[in-house]
Amino acid sequence: YYIGVARCDVTGPVVQVNMMGYAHPEQVANGLHTRLYSRAFVVADNQKQNRVAFVSFDGGMASQLLKLEVVKRLKEKHGDIFTERNVVISGTHTHSGPAGFFQFLLFEMTSLGHVEQSTTAFVDGIVESIELANSKLELGRIKIGSGLVDNGNINRSPTSYLLNPEAERARYTHDTEQSITVLSFDNLAGDPLGMLSWYPAHPTNMNFTNLLINSDNKGRASTLFEKMMRKPGETLAGKVWHHCSMFELNILLMGDVQNSFLSGAHDITEFNSMHVEEFVAAFAQANLGDVSPRTNGPVCVDTGLDCEPLSSTCNGTSQNCVGFGPGKDMFDSTDIIARRQLDAAKLVYKSATERLDGPVDWIHQYVDMTQQSVQLDDGSTVTTCKPGMGYSFAAGCTDGAGAFNFVQGMTRGTPFWNTIRDILAKIICTVEPPREYYNCHQPKPVLLPTGYMDKPYDWHPTIVDIQVLRIGQLLIAAVPGEYTTMAGRRLKERLYNEAVSQGMAGDTKVVLAGLSNVYTHYITTPEEYNAQRYEAASTIFGPHTFQVYQQKYTDLIAPLVAGNKDDVDLGPTPDLKPANQSRIAPVPHPDKLPPGINFGDVISDVNMTYTPGDTVKVTFHGANPRHNMKLGSTYLEIQRDEHGSWTTIYTDADWSTKFTWLETNSSAPPADITIYVIIEWNIPTDETAGSYRVLYHG
């Protein structure tokens, strides 16, 4: 195969933006812990007749806006080389990335509408990564293998899982997927190029109290793998490319005391991660719907007792039932779960011997999920529903509880909330939902009839991508949401059996790439749907959503195997609706400082000596990072004095650094606003003694 890999920065705004995932209005970012990246893998056959692009990016999920905008940009520059049919964009599902990159209202409620900087950063970085990977195509080999992750996840809705048939459950040892599938990419000279893996784990180790942009366990595992494969002396962020102003502080580790207080404009290093020749490692998402990384499980925070299992409540409320672990805090837990995925991926990467061999191909279809029918095994025909969110959606889950008096497992509505729902529907629905609509979703009591909510614009997508990529004996099913464990197992098994029946060999492999192309919340099995826990209440097209998806994906396998993808009807193409993107989210005001104060002035200086394991902390007067997002660059550097020359060893892309921006505003006029940044560096225990300095850019 011709192989190209690339990684590009997509970090976007790091302050004054709501985070996507928990839907907590108060979770507004005020800084950066780890940068976000788009990791692209382009594979073409050895005649370059067919090629596919798979992207895993550190974002909450792919949105229809992102997919359509990325494809539009690629088509404008490259014609039909890349289209919606052969490009897959899959989000890692970090809950600590910026929100505001959708064209449907429900997803932008807590971000107060569309955030252009989020969308631009994601689109630019994803496009750049695909183009860069495509420009680097070289002949190489791809190997595939699988292994087990040790204690990397648990099922957060185990009572729903138990509703699946006992005979089916007996075929599996665990109630979550434990296996990680790994691809290794090498050129013909044997040089390593990249690693791509799939394993289900919610990136919810960072809880909703976190206010620093962070890629969570998936991004942490990716950067650890990449760091392991980097050449000596190569920083995570990249290479020198231009100059900027700085403040210097000498920090001595276990040596003689030195003074700091050097300031001014100097020629120093700034970094561009967009065009660095480097190994790319992606820990992509799979069927994570009911999967939590909080492996200690949920507990009642008020009593220390176990939560009520069916409703995940403590004394009748959801808010006190919280999942924990496996570490002492959310940062430690993120690192532990990342390393467990990393350890498994390393073993498979080094030991895989099976080479992918065969065609590169793809198949794709748009489907309007509001009007699909499917025949069940008993001969009856059932249909999907217009989108709707159930009561238990508002309850949240043990990774992040909701609000009010909602609990998981609600199969009946209440007069109070039904009245609120109906009043809301009269205001924001052009056509009020008929009784048949609510009946369609049973046993889900609909709280938000989003299929009819169209003011000021549509609240939910209705047209979704059904897409499968093929690389030799590997099929990658790109699914538009979060499949639960058993739903994912059923789909993969169905696709495998269909592929073999159509002529593919018995060594066919199927992986499921979650949160791809367009986001439609969750997909449960019909049995799990009946329990109406959080995942089922968020299965928006009704009780038969899974059966329709399963049939639609299965129908594409025969033409894919036969090479007849062009015979498949593309379906109703969704519109790219930039006019529907509201702009009510606040924009940053101009920075102002008190008289006599300059940007970069030190407010609180560092100590003169530290010991490994200590945390260095320095505060500067600093500008709002929204005014310069530093894409492909860094807000900070940690440098070490090496024989009179300063060498950068850490940037804001590294786990050991934190960048926080704060604004204090008294009741006085705007001139009295104090804006400042805090840079922290947790000194690794293996760091060498010497003189160090902290640089702030901005």
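Even glycines carry a Cβ here, placed using N, Cα and C.
Ser292 (active site, nucleophile) counts 25 other C-beta atoms within 10 Å of its own C-beta, drawing on all protein chains shown. Taken from TrEMBL, the feature active site, nucleophile covers Ser292.
Within the same chain, residues at least six positions away from His202 (Zn(2+) binding site) with a Cβ under 8 Å of its Cβ are His93, His95, Asn153, Arg156, Leu288, Val291, Ser292, Pro293, Asp399. Feature annotation from TrEMBL assigns Zn(2+) binding site to His93, His202, Glu482, Tyr522.
Look at TrEMBL and you will find 1-551 tagged as domain 'Neutral/alkaline non-lysosomal ceramidase N-terminal'. For the domain 'Neutral/alkaline non-lysosomal ceramidase N-terminal' (1-551), the model's pLDDT averages out at 92.
Per TrEMBL, domain 'Neutral/alkaline non-lysosomal ceramidase C-terminal' is recorded for 554-698.
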DSSP helix, strand and coil counts for the domain 'Neutral/alkaline non-lysosomal ceramidase C-terminal' (554-698)? 21 helix, 50 strand, 74 coil
Cβ density check for Tyr522 (Zn(2+) binding site), other Cβ within 10 Å (all protein chains) comes to 24
